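Following this message is one structure expressed as structure tokens.
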Amino acid sequence: MEPSGSEQLYEDPDPGGKSQDAEARRQTESEQKLSKMTHNALENINVIGQGLKHLFQHQRRRSSVSPHDVQQIQTDPEPEVDLDSQNACAEIDGVSTHPTALNRVLQQIRVPPKMKRGTSLHSRRGKSEAPKGSPQINRKSGQEVAAVIQSGRPRSSSTTDAPTSSSVMEIACAAGVCVPGEEATAERIERLEVSSLAQTSSAVASSTDGSIHTESVDGIPDPQRTKAAIAHLQQKILKLTEQIKIAQTARDDNVAEYLKLANSADKQQAARIKQVFEKKNQKSAQTILQLQKKLEHYHRKLREVEQNGIPRQPKDVFRDMHQGLKDVGAKVTGFSEGVVDSVKGGFSSFSQATHSAAGAVVSKPREIASLIRNKFGSADNIPNLKDSLEEGQVDDGGKALGVISNFQSSPKYGSEEDCSSATSGSVGANSTTGGIAVGASSSKTNTLDMQSSGFDALLHEVQEIRETQARLEDSFETLKEHYQRDYSLIMQTLQEERYRCERLEEQLNDLTELHQNEILNLKQELASMEEKIAYQSYERARDIQEALEACQTRISKMELQQQQQQVVQLEGLENATARNLLGKLINILLAVMAVLLVFVSTVANCVVPLMKTRNRTFSTLFLVAFIAFLWKHWDALFSYVDRLFSPPR
């Protein structure tokens, strides 16, 4: 993953960036802790390198002397002791994972002979040239092997190679350094050949699997950075969701307000309100669309971060590696001086084969078969190694080349001696371990036995690496299935959310269309009512106009009649007196008739109540008869009453 892709997550500006600052602060603290741990590991490696430097300088001097001198050095130790060597050995004793074997080595090597500091590799070559028949490893090929093996190792291997260094010291302790004589030398050569084969096979295997290591360095996610990035993205997704909800609520409010205003507005105001509403609606729709696109972008980023994670920044990794290689190279200069000078005999041929195999990991893996066939004379088990190396070359050759170019161009040294000190720890350990005992000559039989045993160890290492690779593939497949399940679940959830959002959008569109249709219907009804009212008012005005015209016609007729009557009256002025008398007579007759009618009505009003029932009728008739009787005999009755009421005489 490119650094721009890992840093892009933190380049987005956040308005409320307090949480982001806190995360950045925690990230810097974690990086400082990692740098401290790396520095401590580098110091431990430097201590181990210093101890190995003095150790292998002493063993190199011992391998250059005769067995008689070895016995004399062991029997007659010098009283002077190098304090630096003792301190380094004491520190190695505290750091190494095998203190008992190292204590045996330190007890055997108590009085190292003094060496002149400052003697370069070229001067030593001049002093001790190899025999004519023994091939030596070219310095360039040794550097290429170191670069290839270094490319197969993780970038953090310079800070975590304490077990490798301890294994090298264990090999040195198991080699029987203090055994004098020819037999001890042959035994040391055999053991060192076996251990060198194992170490070289592990180096070749690591270079074969260089793609896995480089990918693990480039692809190992930093948990703290990944966690912070996921939290940051989730916070942004929540903010965008809230903004989308707010925008949708504002759009609904605008629709409700438009409907409310459209109901209580006339035509001109309704058109103006409609224009304003359409502008606001388009703007809110664009805003919601942009927020949804941004939300999908952050969801995609979150999926990528959850799947791939955020690795360490390559700048920091290469800076730490460069510093670590500088320190280790400066401390293990003497350790690397003995690599090229002391590799002789049968081990030199195997080192050349190892170099060819390591170079073939990147370019030509089939050369391994021909080289090992020429060197060892047997090609029974070569296809297994060739297949494993071909797989590493086909899958990850380009990545191994990239790492080789990085590590070859990273350390910058002023001389060839400094450059040789920055090679890989495993190759240097193997070559130096081989250089401890190659000083003495060995027979062809021992060489063939050692080569066959070394080849068996190499095949055993290749088999173990294959098993490890199979386990890694199983773990990778399990992890891949887990991430595929998570990815499918997230995609299903995303599809459901997208489907739900689409349904909501469709419902909202339907509701908006319904409101618009209702508004259009209301407008049509208002227009029809307006037309109806206008028609009714026109009809009423026409009726009123017709009535007024009829009244005017009648008035004009009455005026004409009055005029005609006036004309007639003017013509009948001669008979006016007769007409006046006739009128007065008629008036008198009418008055008499009115009096009679009043009398009759009065009598009727008086008689009618007396005639309503049968009893009243009989009573009324009796009363009338009585009155008539009194009226008829009134004189007699009056005299009788007068006599009755007169006083006596």
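Yeah, the Cβs are placed from backbone N, Cα and C, and that goes for glycine too.
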Per Swiss-Prot, which of 197-222, 275-300, 327-352 is region 'Disordered'?
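Result: 197-222 is the stretch Swiss-Prot calls region 'Disordered'.
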According to Swiss-Prot, one residue in Ser66, Ser410 is annotated as phosphoserine; name it.
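Comparing Ser66, Ser410 with the record, Swiss-Prot tags Ser410 as phosphoserine.
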Can you tell me which of these residues Swiss-Prot lists as phosphoserine: Ser165, Ser378, Ser426, Ser442?
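With Swiss-Prot as the source, phosphoserine is noted for Ser378.
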Under the DSSP assignment, what numbers of helix, strand and coil residues are found in the compositional bias 'Basic and acidic residues' (20-34)?
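Each residue of the compositional bias 'Basic and acidic residues' (20-34) counted once, the result is 15 helix, 0 strand, 0 coil.
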Averaged over the topological domain 'Cytoplasmic' (1-587), what pLDDT does the prediction give?
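It averages 63.
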